[in-house]
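*Asks:* Pasting a structure below so you can have a look.
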């Protein structure tokens, strides 16, 4: 068996991946669009077949080659936050808008038999009777995400991605989608590009299968080994603010590269320090209020004046003054033997245009269980700055500056 790459470039250019068979002409491109910020990252659930891995060989290019003429699917951009493209299921193909998510491992779309969920009525649905290549399997499955869940059953059909067709691919027909996330999303379903162990403002970009496009990056990639199958997980070193160590990850932290996450998520201690440094308004913490209220009005008033008003809220959407961006520090991530630097204009998210533009921190706090140690999730903000190679065959991830 060969090897495969997935690469992510500015605005999520995934150039290579867990292959859908061997592309005769070389690279297979799927252009990406973006969806709005605010739906949180998704965490995959239980027993369903994984997409793009099962029954298919992988291709590896030892040296980057100029991209030959290849099939392209446009990826759209919606309010600079998430990427989505199109796949076809069945014969003739029934087309769906999907998120390509390296943070989960299942392919699902709404089923025509989803009657009770509003989300299904607002999006395209798969109708088995319209496909001549459909095979019934019927196993019931459910997937639990951080923002909700879906339930349905396994079916099998041909799946078209770009100009390639994966025959007899298992996928989930979702017959129950209670989450408001899926109801309001611009996408119909999800294509999971994670490992099978997880199963049960600008134009967008493109996803490229089968190789690495040298036009997408500068210099050479820094590769680090995948430390755990499931997510694309690796070991990362110190995080620096303006060249100064934050300390917590100096002896090492785990990190995940996830195309299903918009922001940069990390330990509360470091995120708070970053957001404090870049000038997040010191809003009153509700948790602080609840605690001190038990000890009397006098203590409460004192704490609100002297402490709670000065605690930034690391886990929420933290607004900053757009005019202050040029004065904010760089934030650097130590990966392998290299520092990967994010400039303020790269980690600050701008929403809206002209006089209505709002700016918010691209950092959000989330603490992993103590047994797992400190964890970072590097989402779109990092991928926009650094072309990312997901090398499945060699179990490694590579990063290089985007072109």
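Glycine is no exception: its Cβ is also placed from the backbone N, Cα and C atoms.
Heads up, here are the entries from TrEMBL:
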SIGNAL    1-26  signal peptide
DOMAIN    83-400  domain 'Peptidase A1'
ACT_SITE  101  active site
DISULFID  114-120  disulfide bond
ACT_SITE  258  active site
*Asks:* For residue 101 (active site), which of these recorded positions sit within 10 Å, Cα to Cα: 114, 120, 258?
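*Replies:* Hits: 258.
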*Asks:* Work out how many Å separate residue 258 (active site) and residue 114 (disulfide bond) at their Cα atoms, rounded off.
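*Replies:* Computed Cα spacing between residue 258 (active site) and residue 114 (disulfide bond) is 29 Å.
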*Asks:* Under 8 Å between C-beta atoms and at least six apart in sequence, can you list the same-chain neighbours of residue 114 (disulfide bond), or say none if there are none?
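*Replies:* The list for residue 114 (disulfide bond) reads 120, 125, 152, 173, 174, 175, 176, 177, given in order along the sequence.
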*Asks:* Could you tell me the mean pLDDT over the domain 'Peptidase A1' (83-400), as a whole number?
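*Replies:* Looking only at the domain 'Peptidase A1' (83-400), pLDDT averages out to 84.
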*Asks:* Tally every other Cβ atom lying within 10 Å of the Cβ atom of residue 101 (active site).
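*Replies:* A 10 Å sphere around the Cβ of residue 101 (active site) contains 24 other Cβ atoms.
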